[in-house]
Protein chains: 2
Amino acid sequence: MLYIVGLGLGDEKDITVKGLEAVKSCERIYLEHYTSILTVPTDRLEALYGKKILLADREMVESDLNAILKDADSINVAFLVVGDPYGATTHTDLVLRAKELNIAVTSIHNASIMNAIGCCGLQLYNYGQTISIVFFLDNWRPDSFYDKIKQNRAIKLHTLCLLDIKVKEQSIENMARGRKIYEPPRYMTVNQAVEQLLEVEEKRQEKGVYSPTTIGVGMSRIGAPDQRIVCGTLQELLEADFGEPLHSLVLAGEMHFLEADILKTFAINVDTFNQYAQVSDH
Amino acid sequence: MLYIVGLGLGDEKDITVKGLEAVKSCERIYLEHYTSILTVPTDRLEALYGKKILLADREMVESDLNAILKDADSINVAFLVVGDPYGATTHTDLVLRAKELNIAVTSIHNASIMNAIGCCGLQLYNYGQTISIVFFLDNWRPDSFYDKIKQNRAIKLHTLCLLDIKVKEQSIENMARGRKIYEPPRYMTVNQAVEQLLEVEEKRQEKGVYSPTTIGVGMSRIGAPDQRIVCGTLQELLEADFGEPLHSLVLAGEMHFLEADILKTFAINVDTFNQYAQVSDH
């Protein structure tokens, strides 16, 4: 059996009771650690499970599924994913490959950023499509998210922005020379994301998409005791401190007044919130 | 402390380790049981917790928050929610009221249908706004969901449809006479939802919204061992058997070919799937 187990968002105790029982029954345990991270080091997980964890990097998951699935028709193998098992395409690859090999798969769900953002007060059913913001490079500044935000905001919906994570990346030079030397991990901050959003807005300037006075919500370490939820105009969020990773950002669309009531409790400045929030009373 | 604890979607063991520890520390434990249900009876939860559970119905949650919050500044109180704590507006009311009373609140996240639907293979970031379908009555057949589906599908997004739940509802006659007699609980099936969708399409017939050949995904009891995921045209889903509640329905927008690869494994009929699925190769 292959167990694909969501770990949730915070620390080792965010695994479910069912997930923990499954992991304890496994002979090999992989942790996918390149699309998201927990707020605690891996040894805290190992202590709770009483088992050794193997780290699965992108290279392994994208090129060597057979190694992960080896003997999983006769023994139990766990593949641990921060958040819910189905947040990233690569894990559907794993499920498909297991099905081809006639290996039974059990998924154990958990919270992910896609639903945990409900804690800021903006209702999940009022979100449009989710966008990703990647680190801009000198000569690569992809802005296709702008069109998606435009579509969402045209129909008044909120937009969750997932922020880039670079783990075990090679520099172009090291890659060219075939040297397996990796850069230190980088996690995009809310501030960097807002800066890039505003740069693209400066360039595109299409009507009614967003602007420095659009209300956003920056969030960090959701599910951890030191989580932060800070609401403000994009201009205000540029300077706000969100602490350690991971960070996420939401662009607010039109809010129901009950959504605004909650969100306001996280405002940097209630006056600017009241001035710029788009609130409906129905 | 008020703990708002998500229970996830399946049985008593879908609570997180952190959630279980919190519940065990509480003197009063409420279970919100009118917006969703687990797949097991409440006594299974009580056995795991070693505690008595108080059922909180809509009336209590919407009119008597102070009773739930009583003494929560000095003792621990748990409010259990199927799924994640922030799936329904009423729970943000509870948080706001607690803040007013200076009661500390800790939320413990979990899977909800909003993210667990990722298991059907359609990527969560390609969903638009979520819609609700309520039981039609003879003289009340609200179809505002049609406009929202239209908006989602115009920009090629998938749509999650949440299906109605009627728990502890009074008949109009009993309500008029002030008799506290309640109807048996009712849970909308995928079949009923599709029937209502097609009725509205028959009436509205606006171009490019959906039709009997639109690809949908019916799901039931996600997270339970007997979960079902069945993909087909709406016409095909009309007749499919989804078993016990709860049921959910997704209308597929344009799929990436990787999404289609997974979804196809759940198809009633691969030929009609291939004929009607809208698949892009980028």
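Keep in mind that glycine also has a Cβ here, set from the backbone N, Cα and C atoms.
Same-site candidate for S-adenosyl-L-methionine binding, as annotated by TrEMBL with A:Leu9, A:Asp84, A:Gly87, A:Ser112, A:Ile113, A:Leu163, chosen from A:His247, A:His256: A:His247. Counted over all residue pairs in A:Leu9, A:Asp84, A:Gly87, A:Ser112, A:Ile113, A:Leu163, A:His247, the record's binders of S-adenosyl-L-methionine, the longest Cα to Cα distance measures 17 angstrom. Filtering the binding-site residues A:Asp84, A:Gly87, A:Ser112, A:Leu163 for a Cβ under 8 angstroms from any Cβ of chain B leaves A:Asp84, A:Gly87, A:Ser112, in order along the sequence. Taking Cβ-Cβ distances under 8 Å and a sequence separation of 6 or more, the neighbours of A:Asp84 (S-adenosyl-L-methionine binding site) in its chain are A:Gly6, A:His109, A:Asn110, A:Ala111, A:Ser112, A:Met114, A:Asn115.
Secondary structure at A:His247 (S-adenosyl-L-methionine binding site), taken from DSSP and collapsed to helix, strand or coil, is strand.
Model confidence over the domain 'Tetrapyrrole methylase' (A:1-237) stands at 94, taken as the mean pLDDT rounded to a whole number. Cβ environment of A:Leu9 (S-adenosyl-L-methionine binding site): A:Leu38, A:Thr39, A:Val82, A:Gly83, A:Ala111, A:Ser112, A:Ile113, A:Ala116, A:Ile222, A:Gly223, A:Ala224 lie under 8 Å away, each six or more residues apart in the same chain.
Reduced to three states, the DSSP call for A:Ile113 (S-adenosyl-L-methionine binding site) is helix. Of all the Cβ atoms in the protein chains shown, 24 others lie within 10 Å of the Cβ of A:Ile113 (S-adenosyl-L-methionine binding site).
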